[in-house]
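Undergrad: So TrEMBL lists the following for this protein:
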- 1-23: signal peptide (SIGNAL)
- 25-316: domain 'Plant heme peroxidase family profile' (DOMAIN)
- Arg62: site 'Transition state stabilizer' (SITE)
- His66: active site, proton acceptor (ACT_SITE)
- Asp67, Val70, Gly72, Asp74, Ser76, Glu88: Ca(2+) 1 binding site (BINDING)
- Pro162: substrate binding site (BINDING)
- His192: heme b binding site (BINDING)
- Thr193, Asp243, Asp251: Ca(2+) 2 binding site (BINDING)
- 320-573: domain 'Plant heme peroxidase family profile' (DOMAIN)
Amino acid sequence: MASLTKLFSLTLLFLGIIALSNAQSLSLKYYSKTCPNVEYIVKKETNKIIAVAPTLAAPLLRMHFHDCFVRGCDGSVLINSTSNNQAEKDGFPNLSLRGYGSIDRVKTAVEKECPGVVSCADILALVARDATLALHGPFWPVPLGRRDGRVSIANETLANLPPPFFNITQLKANFASKNLTAKDLVVLSGSHTIGTSHCSSFANRLYNFTGQGDSDPSLDPNYAARLRTRCSPTDQTTLVEMDPGSFKTFDEDYYTLVAKRRGLFTSDSALLADAETREYVLRQAKTKGSTFLEDFAESMVKMGKIGVLTGSQGEVMMMGCDGSVLLNSTRGNTAEKDAFPNLSLRGFQVVEAAKAAVEKQCPRMVSCADILALVARDAVLQIKGPYWPVPLGRRDGIVSNANEALANLPPPFFNISQLITSFASKGLSVKDLVVLSGGHTIGVSFCSSFATRIYNFTGRNDADPTMDPAYVAALRRACPPADVTTTVAMDPGSARDFDVDYYSIVKQRRGLFQTDAALLDHSATNSYVQQHSTAAGSKSFFDDFAASMVKMGRIGVLTGRAGQIRKICSVVN
């Protein structure tokens with residue numbers, strides 16, 4: 001989403017950000033007294049497994065990656081779903097993971113030697129290293145001492161794992177949210193030198209990249225043609241090597257393929273779209289004596305420390321509608337409000353004024369999170385929007401991290417699949433997506449949020465073909481190419497009235513953002529747009545918006561004794 005007027009900024013302020021705690025007390029000698037042979041046992045069992053099934057090495061390495069990127073390296077990816085909870089392993093990004101039986105086999109061997117001592121999280125970290133080593137990959141030291149998490153939620157995989165269609169901006173933001181650098185990104189991407197992928201993970205690059213039955217122009221045409229002979233448009237079962245001819249050997253050949261524009265995924269091609277990652281790709285592709293193996297070992301050690309639980313720690317608390325977006329940055333922490341997606345938010349002082357008034361009447365009783373929820377509702381109501389009941393009792397969070405904003409807020413260039421995934425990760429439906437997008441009926445946006453659509457959509461100085469050409473011309477007159485200060489109404493002629501005009505504009509292909517245009521690319525969202533593009537749809541939209549706002553207001557709330565009641569919304573007590 002993008003910047004709005006002060007009033008609608010308040011409704012965006014209402015959406016809290018997920019924050020993860022991070023503990024890093026690991027040691028290479030952690031089991032030296034309690035299970036001194038653990039690494040030998042793990043390596044012995046892993047070598048037996050890979051000797052029989054070398055194609056399991058890539059899934060086991062990937063499993064460690066997927067574990068660390070969701071709730072930290074806590075083994076939560078290994079937990080089974082229950083009757084009342086769908087676990088991470090059943091989240092869509094993890095449905096293609098294999099090797100759970102291998103982890104259980106190694107764990108059983110370790111338990112025979114050291115019952116109840118070594119965590120599954122540590123075993124997974126060791127197996128990933130030893131499986132890579134078995135395919136001529138690098139060795140890296142694995143600091144140990146991780147504890148196993150007790151919480152595993154499928155929707156969190158959608159919010160935290162970068163999908164294969166991410167562009168370089170999204171990839172860097174995702175890795176940054178885990179305290180990994182652009183170099184870590186390009187290095188860890190090198191793990192695509194082993195393993196395979198289902199055709200469905202890259203089919204859009206071959207058959208329908210921009211929604212017009214075309215292929216991705218960044219993909220080598222000859223390679224695209226070859227892939228089409230392997231993968232039909234709706235193929236859900238065929239597997240393709242990510243590094244053809246070398247997919248069972250851990251080496252730097254992956255970078256040679258990417259340099260030739262033969263990376264399988266959009267996320268592979270994206271490495272050529274950034275100066276730092278492109279330079280690394282080209283250097284590893286051309287240089288004899290590549291530094292890739294050493295770099296990979298270093299980045300794996302770093303990744304293996306993400307959000308670990310140590311000592312007596314158990315689970316990580318997840319934050320939602322907790323008012324954390326109101327907190328100011330401090331010397332040692334950049335808060336959510338100073339993250340790039342939130343720099344255009346306004347109205348913080350309105351919330352502070354409301355808080356001050358409430359404090360006079362009821363000191364230390366009402367949370368900033370509740371006040372923000374009420375202000376968002378009342379602000380919309382003031383401009384002829386709907387009323388909705390606001391259940392109260394939220395507590396204020398004490399953690400606010402800028403990187404979490406990058407990882408969790410959908411940017412204005414997301415396509416419909418990415419939007420659905422982002423909303424699903426918060427427990428919101430496709431209908432909630434198209435309804436809450438209707439909030440763009442009020443407010444303005446900086447030109448920089450959509451400049452790519454009107455000046456350089458595919459990197460060839462072209463406009464987005466899904467946007468009405470006359471509207472493109474009008475926007476170009478308002479926004480020079482490098483304009484970072486001009487604002488444009490998201491719903492021209494009706495930017496201060498909360499109504500259904502937004503859907504009429506989207507129907508005419510005049511939505512300002514890619515996220516607006518994307519609503520026409522899915523049957524359910526397209527249908528909603530068409531049905532609400534006239535005044536006759538007003539009541540239905542208002543009712544739906546109210547219902548979705550109530551639903552959004554319940555995301556990850558803190559209640560009871562969790563969190564606190566801040567006296568000043570911008571500062572932790």
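Cβ atoms here come from the backbone N, Cα and C positions, even for glycine.
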Undergrad: Using C-alpha atoms, which one of the recorded positions His66, Val70, Ser76, Pro162, Asp243 comes nearest to the residue listed as 'heme b binding site'?
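TA: Out of the listed candidates, the nearest Cα belongs to Asp243.
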Undergrad: Near His66 (active site, proton acceptor), which binding-site residues out of Gly72, Glu88, Thr193, Asp243, Asp251 have their CA within 10 Å?
TA: Gly72, Glu88
Undergrad: Which residues does Asp67 (Ca(2+) 1 binding site) neighbour through Cβ under 8 Å, counting only same-chain ones at least six apart?
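TA: Listed in sequence order: Cys73, Asp74, Gly75, Ser76, Val77, Leu78, Ala121, Leu124.
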Undergrad: Among the binding-site residues Asp74, Glu88, Asp243, Asp251, whose Cβ has the fewest other Cβ atoms within 10 Å?
TA: Asp251
Undergrad: Near Thr193 (Ca(2+) 2 binding site), which recorded positions out of Arg62, Val70, Gly72, Glu88, Pro162 have their CA within 10 Å?
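TA: Hits: none.
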Undergrad: Val70 (Ca(2+) 1 binding site): which of the recorded positions Arg62, Asp243, Asp251 is the nearest Cα neighbour?
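TA: Result: the closest of the recorded positions to Val70 (Ca(2+) 1 binding site) is Arg62.
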Undergrad: Fill in the CA-CA distance, Glu88 (Ca(2+) 1 binding site) to Asp243 (Ca(2+) 2 binding site), as an integer in Å.
TA: 27
Undergrad: Within 10 Å of the Cβ of His66 (active site, proton acceptor), how many other Cβ atoms are there?
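TA: Its Cβ shell of radius 10 Å holds 22 other Cβ atoms.
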Undergrad: Around the Ca(2+) 1 site (Asp67, Val70, Gly72, Asp74, Ser76, Glu88), what further same-chain residues have their C-beta within 8 angstroms of the site's C-beta centre?
TA: His66, Cys68, Phe69, Arg71, Cys73, Gly75, Val77, Gly149, Ser152, Gly307
Undergrad: Secondary structure at Asp74 (Ca(2+) 1 binding site) (DSSP, helix/strand/coil)?
TA: coil
Undergrad: Between Gly72 (Ca(2+) 1 binding site) and the residue listed as 'substrate binding site', what is the CA-CA distance rounded to a whole number of Å?
TA: 15
Undergrad: Let me know the DSSP-derived helix, strand or coil state of Asp243 (Ca(2+) 2 binding site), please.
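TA: SS state of Asp243 (Ca(2+) 2 binding site) = coil.
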